[in-house]
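Undergrad: The transmembrane segment feature in TrEMBL is assigned to 15-33, 39-62, 83-103, 109-128, 157-177, 189-209, 215-233, 240-265, 271-288. If you look up TrEMBL, you'll see 18-150, 161-287 marked as domain 'EamA'.
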Amino acid sequence: MSERAVSTGVAMESGHWRGIVFMLLGTALFTFNDALGKWMVASVAVGQLLFIRSATALVVLLPVVHRAGWRKVFVLHQPGQHVLRLAFIVAEVFCFYLAVRHLPLADVMAVYQATPLIVTVLAIPLLGEAVGWRRGLAVGLGFIGVLLVLQPDGGVFTTPALIALGGSVTYALSMVATRKLRETNSLSLIVYHSIAVGGVGLLTLPWGWEPVDLPGIGYLALIGVVATAAHMCMNQSLKLAPAAVVVPFTYTSLLWAILLGWLFFADLPTPLMLLGAGIIVASGLFVLHRERQIKAE
């Protein structure tokens, strides 16, 4: 192997490692953001939280948008697809915060680990993708894991559990919709995300917004700052390394959720929840592995 080939290989590997570090950081920030949100929705309305979070995120993004160019960010291609994606995102965010208001953070995050499995199923009718028996079996096992997570107390069909599952499904639908917007730059996707979620949050003003003191506003604003930083870390990760390399590291969010749930809310996962989460993660990693193999063939 020539010296040039060796140096190129090292550079690529270094880029991959930096991509992994950014993905780990983004995942940790998102989970901290979720834990902070769970703490705040105990005292404020979900719509109120989402409006202040999104407004703060937009303020943080203003210099980035200005540097990138307003026209580049706000020119819309496939407007109908954008509206569909944003509808799914708004539904998912509301479902998530409604679920964590009543369920342990780790339980909700475990259900969300099934999102790649749901995307695999949805990609068959919506994207025309073929799914072989191996991935089909992995998806089936993953959904068994979801049932184990949702019934530690025997209450599979409790309203919060169904809301968490609905959040995972709408999150998967938003990911499928995003796949159809590959020509749209990632900054536009983040900006429209914040505008849509904040706008719908503002519409809930007549229904139960609570007075918030200055520290409370600060915590709500912090959620917006952390979420924006997490988005940027993940986008940078995907620029530095292929998705197949970095996406598996998003499963570390479950470890963070267990740790933060214990530290902040004294929530300890049950053995059944851990078993179900393990099955979900193993199934998801297998599906990612098979997709990587198929693309390489």
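Going from the start of the chain as shown, residues are counted 1 onward.
In case you wondered, yes, glycine gets a Cβ from its N, Cα and C as well.
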Undergrad: Quick one: DSSP breakdown of the domain 'EamA' (18-150) into helix, strand and coil?
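TA: So the domain 'EamA' (18-150) is made up of 114 helix, 0 strand, 19 coil.
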Undergrad: What stretch in 15-33, 39-62, 83-103, 157-177, 215-233 has the biggest tally of Cβ pairs under 8 Å against the transmembrane segment (189-209)?
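TA: Most contacts with the transmembrane segment (189-209): 39-62.
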Undergrad: Have the transmembrane segment (157-177) and the transmembrane segment (83-103) got at least three CB pairs under 8 Å, pairs 6 or more apart in sequence?
TA: yes
Undergrad: Where else in the chain does the transmembrane segment (240-265) make close Cβ contacts, counting only residues six or more beyond its ends and a cut-off under 8 Å?
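TA: Sequence-distant neighbours of the transmembrane segment (240-265): 15-16, 18-20, 22-24, 27-28, 30-32, 34-35, 38-39, 104-106, 108-110, 112-113, 116, 277, 281, 284-285, 288, 291-292, 295.
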Undergrad: Please identify the stretch among 39-62, 83-103, 215-233, 271-288 with the greatest number of Cβ pairs below 8 Å relative to the transmembrane segment (109-128).
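TA: Most contacts with the transmembrane segment (109-128): 271-288.
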